[in-house]
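What follows is a single structure, written as structure tokens, with notes after it.
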Amino acid sequence: MGKGGSLSNSVIKKVLLSYTYVAIWIFLSFTVIVYNKYILDKKMYNWPFPISLTMIHMSFCSTLAILLIKVFKVVEPVSMSRELYLSSVVPIGALYSLSLWLSNSAYIYLSVSFIQMLKALMPVAVYSIGVLFKKEGFKTDTMVNMLSISFGVAIAAYGEARFDTWGVMLQLGAVAFEATRLVMIQILLTSKGITLNPITSLYYVAPCCFVFLLVPWIFVEFPVLKETSSFHFDFVIFGTNSFCAFALNLAVFLLVGKTSALTMNVAGIVKDWLLIAFSWSVIKDTVTPINLFGYALAFLGVAYYNHSKLQALKAKEAQKKAAQADEESGRLLEEREGEGTGKRSESQN
């Protein structure tokens, strides 16, 4: 009875912790998205400078990551040569800076709810680019699923009350660059045995992003900011916004490390529906029935894709365990045969 009680307590504790990690990630992801929308939207805080906002995030995250690694030594930096940094981290940093710039720019033109619907295309982009770079095998059933997700998003776009072509192009560009970045991480880092957690990732990538963003900022936003004499840097707004962005990176590490990447995908779906509800009820964005019907189709496609990935992962793990068991039984059989041969030799002597 005591053992059973302690077992159930440990299971309950593990489940509660998992839900806590999920809740923290959803809250921070939700907060960063709504906070960015609030800052950039011309009808709210009215500071439509997405490059500047992204650079503030990158400088803040770089500083904190350097402090955590170099001063407080929370995590160890990854051993990396200059050649590896230039050939692997710099391209990833360039893609990340473009993804953040375009996604933040989309908040100026599109509603939060519609942006979440367009983000449902991420699995389509990752799979398509993975096939292009031969990191994923082409499968007809997977491609049909990708087309169903795309069809759902197209219906959602058709039903969008505040459709803005430029905003949609910006968000689709952000999805394309982010998907390319995720595939490049596999090709340039994971394949070389290099894994970066969110702190070491920010330590190496955030300064690189800042430098890449500096070039367009000088030509696009700096001249406008220079003429805006009425603007005063609000340390509370931008400080808390940047801290939320940094905390979100840590929450990703916590969620994936303590649960799984699939849990984060499922949590992401819950977060998207919450954001759509918030966008409709609080921000008063228009969400049409056609919007919801299209996104529901895309949602089912994404859910099926996640389920397929989980089944493939389980099959791979089972195959790996079976191979290990075969190897172990083969080794034991060889040992027994060796012992039998030794005994026969002794008896003959």
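Just so you know, glycine gets a Cβ as well, placed from its N, Cα and C.
Annotations in TrEMBL come from automatic prediction, not curation.
The transmembrane segment annotation in TrEMBL covers 16-35 (among others).
Look at TrEMBL and you will find 20-306 tagged as domain 'Sugar phosphate transporter'.
Nonlocal intrachain contacts for the transmembrane segment (47-72), taken as residues 6+ away from its ends with a CB within less than 8 angstroms of a stretch CB, comprise 36, 39-41, 97, 100-101, 104-105, 107-108, 199-200, 202-203, 206-207, 209-210, 213-214, 216-217, 220-221, 224-225, 231, 238-239, 241-243, 245-246, 249. The annotation transmembrane segment is assigned in TrEMBL to 47-72 (among others).
According to TrEMBL, the feature transmembrane segment maps to 84-102 (among others). Proximity of distant same-chain residues to the transmembrane segment (84-102), defined by a Cβ-Cβ separation under 8 Å and at least 6 residues beyond the stretch ends, is recorded for 50-51, 54, 57-58, 170-171, 173-174, 177-178, 180-181, 184-185, 188-189, 192, 194, 204-205, 208-209, 212-213, 216.
Taken from TrEMBL, the feature transmembrane segment covers 108-130 (among others).
Long-range contacts of the transmembrane segment (142-159) within the same chain: residues 114, 117-118, 120-121, 123-124, 127-128, 168, 288-302, 304-305, 308, each at least 6 residues beyond the stretch ends and with a Cβ under 8 Å from a Cβ of the stretch. Here TrEMBL flags 142-159 (among others) as transmembrane segment.
The annotation transmembrane segment is assigned in TrEMBL to 201-219 (among others).
Here the transmembrane segment (231-255) has long-range neighbours at 21-22, 24-25, 28-29, 31-32, 35-36, 39, 45, 47, 53, 56-57, 60-61, 64, 197-199, 201-202, 225, 263-264, 267, meaning same-chain residues at least 6 beyond its ends whose C-beta is under 8 angstroms from one of its own. TrEMBL lists 231-255 (among others) with the feature transmembrane segment.
Per TrEMBL, transmembrane segment is recorded for 262-283 (among others). Same-chain residues lying 6 or more positions outside the transmembrane segment (262-283) and placing a CB less than 8 Å from one of its CB atoms are 18, 22, 25-26, 29-30, 33-34, 37, 111-113, 116-117, 119-120, 252, 255-256, 292, 295, 299, 302-303, 306, 309-310, 313.
As annotated by TrEMBL, transmembrane segment applies to 289-306 (among others).
What TrEMBL records for 324-349 is region 'Disordered'.
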